[in-house]
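Asks: Below is the structure I would like to discuss, written out as structure tokens.
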Amino acid sequence: MLVYLAEYLTQFHTGFHVFSYVTFRAILGLLTALVFSLWCGPKLIRRLQLLQIGQVVRNDGPESHFSKRGTPTMGGLLILAGIFVSVLLWGDLESRYVLVMLFVLGSFGTIGFIDDYRKVVRKDTKGLIARWKYILQSLAALVVAVFLYSSSTLPGETQLVVPFFKDVMPQLGLVFIVLAYFTIVGASNAVNLTDGLDGLAIMPTVMVAGAFALIAYLSGHVQFANYLHIPHLPEAGELVIVCTAIVGAGLGFLWFNTYPAQVFMGDVGSLALGAALGAIAVLVRQEILLVIMGGVFVMETVSVILQVGSYKLRGQRIFRMAPIHHHYELKGWPEPRVIVRFWIISLFLVLLGLATLKLR
């Protein structure tokens, strides 16, 4: 909203023209979301404690998790609020991409909120029935996929960028809708599965969002896009503000979520953030790159698939417990060691993903 005010004030003082620069607004967006999260965090935690909205811990999980029982959850509300405030202040609300991101964050956040509410407030350990959760996720993702396909005006908006191959960018046609759907829903559930240890999910999310901020900026700049042989997407520049808002809100949340956590994000945070990363990947045409940079999320998801598949087919488990971060806990690794090592892996994969922009 302040973009429009600054545009109006430019006629009185040219200094306000600085607000037209995406990079300047991106920095302000990051700082706004960060300060908002740090300021509102203690208030939200106290409120959640008063309402007795505490984490439900599985009885068959690692014994070290029993001490987490009752820790305030649904802290993802803090992240989403920080992102929304930041984007509404510094983003261009006429941008199709910004509106899509607000819809994704809001819709998947609502699904996660319903799930958390049933688990924590109504004491239903199953939460939202898996079938209904998947149906609601699918509807939201399909709305986004169909809208983006039907409103696309440039060939690059429906091409697939293949890392390491600069001349391989097939036009997807209707396959775009299928790929966008699976990317958004898959990323949403992958981050949700990763959110099992203090700070484990939020830091990789911050890293990937930061990398996508750079990619969105490059995609929105015609000279950089042509140099790197990626689609030039004029609207992608505004995604930088969304990405930096996620980074700022995520870092602010990590202040309270780092080991030992004072609050957990809950499904309201993990489902929304995962879907947001998936949607950003779709918008900048980097779905495959998300698989690389979000490798920790992929690893967690694959471990669950392998565990369930092996048990059903052979009656044997591959890991001591899935997702895989619990496997290492049961092997005797202290929780902070698991978390930091997964962070290091995530940083490596994000840097590898960024390197593919040039290694083509």
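Cβ coordinates come from backbone N, Cα and C, glycine included.
Got these off Swiss-Prot a minute ago, pasting:
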- 18-38: transmembrane segment (TRANSMEM)
- 73-93: transmembrane segment (TRANSMEM)
- 97-117: transmembrane segment (TRANSMEM)
- 134-154: transmembrane segment (TRANSMEM)
- 168-188: transmembrane segment (TRANSMEM)
- 199-219: transmembrane segment (TRANSMEM)
- 236-256: transmembrane segment (TRANSMEM)
- 263-283: transmembrane segment (TRANSMEM)
- 288-308: transmembrane segment (TRANSMEM)
- 338-358: transmembrane segment (TRANSMEM)
Asks: If you count Cβ pairs under 8 Å, which stretch among 97-117, 199-219, 288-308 touches the transmembrane segment (18-38) the most?
Replies: 199-219
Asks: Any residues 6+ beyond the ends of the transmembrane segment (73-93) with a Cβ under 8 Å from its own?
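Replies: Cβ under 8 Å, 6 or more out: 1-3, 25-26, 28-30, 32-34, 36-37, 40-41, 44-45, 48, 53-55, 99, 101-102, 105-106, 109, 112-113, 116, 120, 202, 238, 241-242, 244-246, 248-250, 252-253, 256-257, 263-270, 272-273.
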Asks: Grab the same-chain neighbours of the transmembrane segment (338-358) for me: Cβ-Cβ under 8 Å, and only residues 6 or more beyond its ends, written as numbers and ranges.
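Replies: For the transmembrane segment (338-358), the list is 163-164, 197-200, 203-204, 207-208, 210-211, 214-215, 218, 228, 230, 259, 289, 292-296, 325, 328-329.
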